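The structure appears right after this line, and notes come after that.
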């Protein structure tokens, strides 16, 4: 895990600073993305592997010269594949630690959602499209570039799974803020006015640190009775499950669009009318 993530990070930093232009479209018109080639922090990206390579595995020993490997965008595949291996190993590490400590495996399960999303974007999508050149350039402007291109080619905003993902992220933010503010507002006072409320908690204490009955009563009156959880375990499961399910739907949506099962359009309806 450490070796793959260190390799991906090191090559990313070096390539972001000094990588030469890459022939991303395979038409002998190289595009520069590094800082030494007139880019800044915003516009700088790691240019994806050339369309001339397609979705082939392109390690450094496959090129005749290092310059050829750089020209064809070899560093991009190196970074992405090492990163995905590191992410998978990290998920396994989370599961192993949970197992050895006698915990349940849900931490690794929750982490699997963003891990699946990263795998879909950086591996499944280029395989479906037939080329790593369709991947997301690694950088700030590259992220926005992928968003615009993805909408143009796949109409992602009209895909139901993307809609579920948006609902999960915005809903998760709302639920997290609601839960945090509700708990903070119903803390059991253990300190004076001149001390931080956080000083009233001692790690490992047996008694509750907030009054769940008060929190339940407040929220039940604010909305309606059954909108409020009366079980602390249920509410924390809900907070985790909401985001995990939503992000997994997003990943599933990207994987379907990778094979051109795109978002809805109403072109035929317009023709029929």
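Just so you know, glycine gets a Cβ as well, placed from its N, Cα and C.
Record features, source TrEMBL:
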SIGNAL    1-24  signal peptide
TRANSMEM  74-93  transmembrane segment
TRANSMEM  105-125  transmembrane segment
TRANSMEM  162-182  transmembrane segment
TRANSMEM  237-259  transmembrane segment
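Scored on C-beta pairs under 8 angstroms, the neighbour of the transmembrane segment (162-182) with the top count among 74-93, 105-125, 237-259 is 237-259. Long-range contacts of the transmembrane segment (74-93) within its own chain (CB-CB distance under 8 A, at least 6 residues past either end) are made by residues 1, 4-5, 7-8, 11-12, 15, 19, 22, 46-49, 57-60, 63, 108, 111-112, 115, 118-119, 122-123, 132, 135, 138. Below 8 angstroms of C-beta separation, residues 106, 109-110, 112-114, 116-117, 119-121, 124-125, 127-129, 150, 154, 156, 159-162, 164-165, 167-169, 171-172, 175-176, 179, 229 of the same chain, each at least six residues beyond the ends of the transmembrane segment (237-259), sit close to that stretch.
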